[in-house]
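Data first, discussion second: the structure below is written as structure tokens.
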């Protein structure tokens, strides 16, 4: 886990399979490609169909047999949906909530991760136990009491109510602790000898070294927050506070017989931005999983 | 804030700057230790505060609420609710829908966890088998369902699973199978949701197994090849044993997640037809949505004990060495 991350990519390239026997692995590989590609088509077909169909007319969506490519592609579904729902507001809420949640987690998880990994203080084991317990307590079982708590704090129907409970996720603490444990002690000791306070050490030495882990944690948190649905649905009661998933979901639940094209357009708007974010940052993601010690 | 955290540590509570600490002989040492305690607790503080408010209080409250008949109208004055004793729990015992929900939840978990893990492992092994090109492409592609919002997924799957013109039944028709009306059939609704859940989660299993596979030393395979083992033998006697910790981790994580199975019935079926897709978590949500907080809390507590119990059992297994 403490292996430098740059070492672990491209495992296949430096050891060509020809080493074993000249012919067999080649053919075996071709089969691997065929199976993987076929599986990928099955897995991704729903997305492709969703995006393509959001440009179709209602009539074409229900055509029998179903078509793949829209005959007369148009943005009607999108423009009607933008008319009916306050999409810009939902979008703003989603981005705002996800951004604040991400920043909070980056700071708080790495703070506690640093303390747990590198500071020797009384009560440390106990706090780590709390982190683990939080990992294990099922979220849905706490839905009701958490809502009661948030309500008694007067935070129902506010950004704070949506954001605060998810601001220090235990998974993030765990990830940061694992990563920081792998950093050499010498750097920190040198800082301490130089008389730097723990805060200085944390912000000046530790955080910059954590960049890869922070990228992973940031991506994971942003994805989770963007897609989180139940809690925002419960807390946000006025339309001004709906996140994009809540807005689209309530619309589709309220209008079971709504034009399907509109729902597809909503779904595409929900998925395409996050896929773009994920594809752009995916490199950090796989590297990070390998460093969390999840294996 | 900081002074209270210090007091809680059980450290001899002398702040570093207080006059008392000055004349001590081992001053440097004591100061260093106090400073560490200070720093440690300060760094832990944000998490601890959030933990106390949004975890500890709810956990305790949920026990308390489950013994009351708290309703949504009591929210303004939560402390003034009437105690209900064990009423909620005895109601649970005779609630047929709740028992059905328990059955459905176990059915879902028992099928969905092994399927997800086997497919995820197969994908990971295939990606790790030495193929040189398109690795990232495949990895990203298979992971897309994981990053997609359940709301969007529901919109598409509702259409895929349609009776006469859904893509799935159309595809089944090509091979001569007359597919069922998935979501309106008491027999086929849960399998449909299982298929959807496996599709959504196998990418995650794949990535975790990929990480695990990177920890298997290449030399082991090379030695095995020299000894003339087949690919299957290498998988069976090297890969699987080496992946044991990853496997157990994934079993625990997926089990916890699947027992809380909620999103699929919520967005696809609302528990219908005839409660055949109602899960425990969905029941909790329904009781919550209809304002029966006490009853919802009692169900939550049962679910919590169920999950905690199964997790403990699995941790026992986890600690066992092969």
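Even glycines carry a Cβ here, placed using N, Cα and C.
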In TrEMBL, which of the ranges B:77-97, B:140-160, B:161-181 has the transmembrane segment annotation?
B:140-160
Pick from B:188-213, B:266-291: which range has transmembrane segment per TrEMBL?
B:188-213
Which of B:43-67, B:106-128, B:140-160, B:234-256 shares the most C-beta pairs under 8 angstroms with the transmembrane segment (B:188-213)?
B:106-128
If you count CB pairs under 8 A between the transmembrane segment (B:234-256) and each of B:43-67, B:106-128, B:140-160, B:293-313, the winner is B:106-128
Can you name the far-off residues of the same chain, 6+ from the ends of the transmembrane segment (B:106-128), with a Cβ under 8 Å from a Cβ of it?
135, 138-139, 142, 190-191, 193-194, 197-198, 201-210, 212-214, 235, 239, 243, 247, 250-251, 254-255, 258-259, 261, 279
By a Cβ-Cβ criterion of under 8 Å, what residues six or more beyond either terminus of the transmembrane segment (B:140-160) are in contact with it?
123, 166-168, 183, 196, 199-204, 206-207, 263-264, 267-268
Cβ-Cβ under 8 Å with the transmembrane segment (B:43-67): same-chain residues at least 6 beyond its ends:
1, 5, 81, 83-86, 88-89, 293-294, 297-298, 300-301, 304
